[in-house]
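So that you can see what the record holds, here are the features copied from Swiss-Prot:
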BINDING   Leu461, Arg465, Asn490, Asn517, Asp538, Asp539  UDP binding site
BINDING   Arg465, Asn490, Asn517, Arg522, Asp538, Asp539, Asp540, Glu627, Asp628, Arg673  UDP-N-acetyl-alpha-D-glucosamine binding site
BINDING   Asp540  Mn(2+) binding site
BINDING   Tyr582, Ser584, Lys651, Lys653  protein binding site
DISULFID  Cys85-Cys90  disulfide bond
DISULFID  Cys96-Cys151  disulfide bond
DISULFID  Cys286-Cys300  disulfide bond
DISULFID  Cys318-Cys339  disulfide bond
DISULFID  Cys626-Cys676  disulfide bond
TOPO_DOM  1-25  topological domain 'Cytoplasmic'
TOPO_DOM  47-718  topological domain 'Lumenal'
TRANSMEM  26-46  transmembrane segment
Amino acid sequence: MCASVKYNIRGPALIPRMKTKHRIYYITLFSIVLLGLIATGMFQFWPHSIESSNDWNVEKRSIRDVPVVRLPADSPIPERGDLSCRMHTCFDVYRCGFNPKNKIKVYIYALKKYVDDFGVSVSNTISREYNELLMAISDSDYYTDDINRACLFVPSIDVLNQNTLRIKETAQAMAQLSRWDRGTNHLLFNMLPGGPPDYNTALDVPRDRALLAGGGFSTWTYRQGYDVSIPVYSPLSAEVDLPEKGPGPRQYFLLSSQVGLHPEYREDLEALQVKHGESVLVLDKCTNLSEGVLSVRKRCHKHQVFDYPQVLQEATFCVVLRGARLGQAVLSDVLQAGCVPVVIADSYILPFSEVLDWKRASVVVPEEKMSDVYSILQSIPQRQIEEMQRQARWFWEAYFQSIKAIALATLQIINDRIYPYAAISYEEWNDPPAVKWGSVSNPLFLPLIPPQSQGFTAIVLTYDRVESLFRVITEVSKVPSLSKLLVVWNNQNKNPPEDSLWPKIRVPLKVVRTAENKLSNRFFPYDEIETEAVLAIDDDIIMLTSDELQFGYEVWREFPDRLVGYPGRLHLWDHEMNKWKYESEWTNEVSMVLTGAAFYHKYFNYLYTYKMPGDIKNWVDAHMNCEDIAMNFLVANVTGKAVIKVTPRKKFKCPECTAIDGLSLDQTHMVERSECINKFASVFGTMPLKVVEHRADPVLYKDDFPEKLKSFPNIGSL
């Protein structure tokens, strides 16, 4: 459209008036600019809050540029760490509130310089490692610069290395934090705890209820389910590039590379070397290196010099012994080399042991069994050793190789505690990428409730019933939780309708044309399926209401490993014929729900297409029947659980469809269905289907209650 323009034929008479208007315009503009400059200047010098975590950024981390806070000698000191703290006793989950993304929010305090009464600095300049840690948090989805939205608080006081700390004064500085509140919901990171002579296994700074992500916990100091055991970061991770080495036997069976070991430990190791010869290599610090050669990058055995950590890749097993501290950076080096760590450190809490299965990547040997370590390792099968080598490297890549990886893994563990229904599964924590099946998740290990925001993908299998197909699409599109609609066009002799003829719906609609007319096409793991939930529905199921479909989806969310559907069927044992029989009559029992209208997890599409036992898939395609029964067998066999029938509806025949249109009306159909059950039971070697005598209905179904107050008023009839 073009805007209409009107011209005034009395233009010359308006010239003096327009000059006056221009003069007023420029005077007004100048006044606004001047007022803006004055307001900006006043704001710069006017006292205002500086409590913004933007103030800890890189440009302001020099101690010379930050506010100075004087700590009087009598400043309050927090209590010692409360060893009885657990998440339900010392952590305030109500600060986290409802979060639709199931993500905690982390606030980083502004950087300040703390000094004592004599002006001596309490805290040193933030270390490079702590700077990287704060940067990792600030760049993550957990970060917030709004202190009022925060669930977790991280101080800008660096306590990674206790050797550099003034214990009392650091604790006093912690108590000055604006939201300290006895350390509730505060997280401290420490990798080198304790100091001479005791070398305690947890940070000695009094911290009251604060959570501690510590790098050297023992079973005596670790508050299980509250603290987080983290690795001691190895600087060599960033300095040395060790290409991944394939699993398998290596030059040395057992290697020790640590320096400064206790004499008794070294004697035991050297005794193993004498007993087992060249298969054991015990290295020590080099004493006669050329000038300029970094001793940290070299290890020696007698007069032979080895590059470190490269030498670790030449060993199958690498010893990780306790030093003055329980946690050792050598563990990270060993994992990077793909060497299986042999941890000999009684009571040591391995990093991220709350979620990582260390039995898959390491061998833990009691200190008293150190002399038997060689025979213990020899008893491990070679195939298991190779799997442990792969797992060791994977742990390093995912959780050890950078400060960022350590920080984010720590926050994820805490996040999983606060939102357990959305927690990362065991497989996601522990399985290397090669083991994971892309975006497919095993329903046996799903969170308690899948995220509702994802909704479901409806897959409609069709051939040429366009009119009823469009009616199904229109009805399904009314379901609030529908995310996408996928039409599987199974007719190779006829083109789908033109784009302009399809119903206009609120969600994406995609048509997939198949190469062959196979019933199994409905269960193919299409890339377009992005949701966990799938609704399989036939093109003649026009009777289901949006309330029925939405209720079915809600039930599936509670039971995501089940087949949740509408048409119920039963299998019976025919004593006269001595075989199984397919039953479609209404009874008190149900053992199958037909996938003409059923919800299931997309994982089962993968299993149906690639892992279906025997020749079942080909048999279904050849007979053009029973793909729904095959899916029932598959799900029941994997889960060991029964189907769930939802809503009372029992009639699903399309009133407009003729006998020619409806496959289920064929006279031989019932006989073939019985044959399918017997065929599948033979292939599976058992009868996995479970019989149940219940169904799921909305709570207020058939109650004398106003319809407008019911969540699902239109459940429909039989």
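Every residue, even glycine, has its Cβ placed from backbone N, Cα and C.
Projection of Swiss-Prot feature records onto the structure.
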residue	record	Cβ neighbours (10 Å)
Cys85	disulfide bond	21
Cys90	disulfide bond	19
Cys300	disulfide bond	18
Cys318	disulfide bond	31
Leu461	UDP binding site	22
Arg465	UDP binding site	18
Asn490	UDP binding site	19
Tyr582	protein binding site	21
Cys626	disulfide bond	23
Asp628	UDP-N-acetyl-alpha-D-glucosamine binding site	26
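A gap of 10 Å separates the Cα atoms of Leu461 (UDP binding site) and Asp540 (UDP-N-acetyl-alpha-D-glucosamine binding site).
You'll find the Cα of Cys300 (disulfide bond) roughly 77 Å from the Cα of Asp540 (UDP-N-acetyl-alpha-D-glucosamine binding site). Residues Val460, Thr462, Tyr463, Leu469, Val488 surround the recorded UDP site, their Cβ atoms falling within 8 Å of the Cβ centroid of Leu461, Arg465, Asn490, Asn517, Asp538, Asp539, which are themselves excluded. Here the Cα atom of Asp540 (UDP-N-acetyl-alpha-D-glucosamine binding site) is found 18 Å from that of Ser584 (protein binding site). Secondary structure from DSSP puts Asp538 (UDP binding site) in a beta strand. Here the CA atom of Asn517 (UDP binding site) lies 54 Å from the CA atom of Cys151 (disulfide bond). Considering only the recorded positions Cys90, Cys318, Asn517, Tyr582, Cys676, Asp628 (UDP-N-acetyl-alpha-D-glucosamine binding site) has Cys676 as its nearest partner by CA-CA distance. Candidate recorded positions: Cys90, Cys286, Asn490, Asp539, Ser584. Nearest to Cys339 (disulfide bond) by Cα distance: Cys286. Closest by Cα distance to Cys90 (disulfide bond), from the binding-site residues Arg465, Asp538, Asp539, Ser584, is Asp538.
The binding-site residues under consideration are Asn517, Ser584. Their Cβ neighbour counts within 10 Å are lowest for Asn517. Among the record's UDP-N-acetyl-alpha-D-glucosamine binders, Arg465, Asn490, Asn517, Arg522, Asp538, Asp539, Asp540, Glu627, Asp628, Arg673, no two C-alpha atoms are more than 23 Å apart, and one pair sits at exactly that spread.
Tyr582 (protein binding site) has its Cα within 10 Å of the Cα of these recorded positions: Cys676, taken from Cys286, Cys318, Arg465, Asn517, Cys626, Cys676. Here Asn517 (UDP binding site) is positioned 72 angstrom away from Cys286 (disulfide bond), judged by their C-alpha atoms. Secondary structure from DSSP puts Cys300 (disulfide bond) in a beta strand.
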